[in-house]
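A.B. asks: First, the structure itself, so that you have it in front of you.
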Amino acid sequence: MCVNNPRYYFQVNDEYVKNKLKLILFPFLHKGRWMRAMEDDSSSFKSAMHDINAPDLYIPLMAFVTYVLLAAFFLGINGKFSPESIGVQFSTGLMCWLMQVLLLEGTLHSLGGGGGSGEIILVPLLDVVSYAGYTFVGAAVVMAVRVSPHPVRWAHLMFCGATLWESFCMGVLLVKIVKRILVFEVPIFDKQMYSTNKRNYVLLFVAAAQFPQLFWLGNVH
């Protein structure tokens, strides 16, 4: 497992953040390519400032903080807030982030080297952490729906609807990212592993796993 320079993941600008949030929230509307752009010398990938498909840690960290604050606000308007509750939501968020990282690492290992080729896909750890952290954009949206003014009788329906929608969007995004890594970011000898029937089941599992994670993050009480 390799690690990139952390500063690379914070090279963003306003235009990138706006476009990346659109991509995360509506990945199926993305008409451009999913491949990452290379520097002119083809020795490394361009930073997020110059490539919407590049991973970053700015959006995940901001989304994580937003999620925790919205969860605390939700508890406050329901008379359940306490100083300890922020710590609980912070810990819950970190645990979900770790689970998402492990899910993506396991998926890449399973499809790239776990089936007998003897080769393991090496993706920089902070790339995977970044991709996993985009979950908190969806989690923040779910919490925003929960704190928005609405009739009490609609609360459960709106929560489930928002969770299902964000789970679908996150599932589409992660499947696209994993496919891109397997096709364009690994050595040619690994691609036969990618073409097996196992791929479809593993990718379906990745997509399906988004609902329980977002439900857990959004089910603040």
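Quick reminder: no glycine exception, Cβ is built from N, Cα and C everywhere.
Worth saying up front: this structure is predicted, and the values here are computed from it rather than measured.
From TrEMBL, for reference:
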- 57-77: transmembrane segment (TRANSMEM)
- 89-108: transmembrane segment (TRANSMEM)
- 120-142: transmembrane segment (TRANSMEM)
- 154-175: transmembrane segment (TRANSMEM)
- 201-218: transmembrane segment (TRANSMEM)
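Relative to the rest of the structure, where do these features sit?
C.D. replies: Cβ atoms under 8 Å from those of the transmembrane segment (57-77) belong to residues 6, 9-10, 12, 17, 20-21, 24, 48, 85-86, 89-90, 93, 97, 126, 129-130, 132-134, 136-137, 139-140, 143-144, 146-147, 217, 220 of the same chain, restricted to positions at least 6 beyond its ends.
For the transmembrane segment (89-108), the residues of the chain that approach it from at least six positions outside its boundaries are 1, 60, 64, 67-68, 71-72, 121, 123, 128-129, 131-133, 135-136, 139, 174, 178, 181-182, 202-203, 205-206, 209, 213, 216-217, 220, judged by C-beta separation under 8 angstroms.
A Cβ distance under 8 Å defines the sequence-distant neighbours of the transmembrane segment (120-142), meaning residues of its chain 6+ beyond its ends; these are 1-4, 6, 8-9, 21, 24-25, 55-57, 59-61, 63-64, 66-67, 70, 93, 96-97, 100-101, 103-105, 108-109, 111-114, 159, 162-163, 166-167, 169-170, 173-174, 177, 181-182, 185-186, 190, 210, 213-214, 217-218.
Long-range contacts of the transmembrane segment (154-175) within the same chain: residues 23-28, 104, 131, 134-135, 138-139, 141-142, 145-146, 203, 206-208, 210-211, 213-215, 218-219, each at least 6 residues beyond the stretch ends and with a Cβ under 8 Å from a Cβ of the stretch.
Sequence-distant contacts of the transmembrane segment (201-218) (same chain, at least 6 residues past either end, Cβ-Cβ under 8 Å): 67, 92-93, 96, 99-100, 103-104, 107, 110-111, 135-136, 138-139, 142-143, 146, 159, 162-164, 166-168, 170-172, 174-175, 178-179.
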